[in-house]
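Copied from TrEMBL, the annotated features are:
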{"type": "REGION", "residues": "1-65", "note": "region 'Disordered'"}
{"type": "COMPBIAS", "residues": "39-63", "note": "compositional bias 'Acidic residues'"}
{"type": "REPEAT", "residues": "88-130", "note": "repeat 'WD'"}
{"type": "REPEAT", "residues": "131-172", "note": "repeat 'WD'"}
{"type": "REPEAT", "residues": "226-253", "note": "repeat 'WD'"}
{"type": "REPEAT", "residues": "257-298", "note": "repeat 'WD'"}
{"type": "REPEAT", "residues": "355-396", "note": "repeat 'WD'"}
{"type": "REPEAT", "residues": "397-435", "note": "repeat 'WD'"}
């Protein structure tokens, strides 16, 4: 759950800068720690209990059977500056999560505090269908790798999966209190972490299930590695486990000084899956080799005081790592903190490259594919685009009247979709002079 905070006044922003890429700048590459990544085509044969055989690709844009509802939930404008193109307003409480369909990037699914989830069209905000039946806040939602299925999960642990084209529920399961949920990157397989420490993996819709038992504390965050054969999971006790999804056993366990000194909040992997970045309420971001399970770097902003005695279950009152991620074109990583600091680190030298300050806490960050531009959303309700090479603000987008709680970026970086405590989701068209 995202931390609640009073919505501050919109921060004064520096002048708009134009992102430029210098042809003579040296690009340093990070040496791959896993020289021979597994062939994705072998995944189906290597999984035992769960069949990961990919289904035949269906034609894009099939909208047969979609009955479009009246646009009573679409708002054209709102008081004050609003840079958004579309506003989706069918939620009646805070909207906690958003995800875009990965195949066409034309649909969004949002979930909220009103115990509801909706699938709707980005171009005009028109409702396609409601994912009905939840009885608690919907905190997780996402589409399968081929956009044919959409999953929703609420805080009580009720997970549901819907067939997008028929709008029919095809699977449901009641697990423990839900912490996170994620689809496998190339198979109809759903993973989730729960408050009892378990990580679950189901094949959908037949329901074949595996569980990966962690410590007796919540599995607070998780991510499937790009090879589809492993997953990294972080826990409330500060430990990190890299799981073999086929065998069901942890390949590596990081604990004590190797782990974190407080609950994990987020985890990310680089493109080839050789490196993992973990974040915690202890204000540290740890760079881990996915091959050896060893910590190869530790990052923290220079303005954060050390907290070496932070015990289990204790959290920093002033700060924590909220989001992080890897740049795909340069050896850079970004870390977003609750105190509003965006830190950009150089992985080749393991040094701080830039600090970009927000007046409110950062909720999430995302890197734009193929560039060194990082997007942030924060508790002041603003989306900002930063040039990670220079640390300069490129532009920002406003329109929400409360904190932004989640956001998603289309593959071509033309759209940003946000959700907020103002009960709305918004679609912003990204326009930059350099493109």
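One is the number of the first residue shown, and numbering goes on along the chain from there.
Using N, Cα and C of the backbone, Cβ positions are placed for all residues, glycine too.
Note that TrEMBL annotation is computational and uncurated.
For the repeat 'WD' (355-396), DSSP puts the residue distribution at 0 helix, 25 strand, 17 coil.
When averaged over the repeat 'WD' (131-172), pLDDT in the model lands at 98. Each residue in the repeat 'WD' (397-435) gets a DSSP state, and the totals come to 0 helix, 18 strand, 21 coil. Within the repeat 'WD' (257-298), the DSSP-based counts of helix, strand and coil residues read 0 helix, 21 strand, 21 coil.
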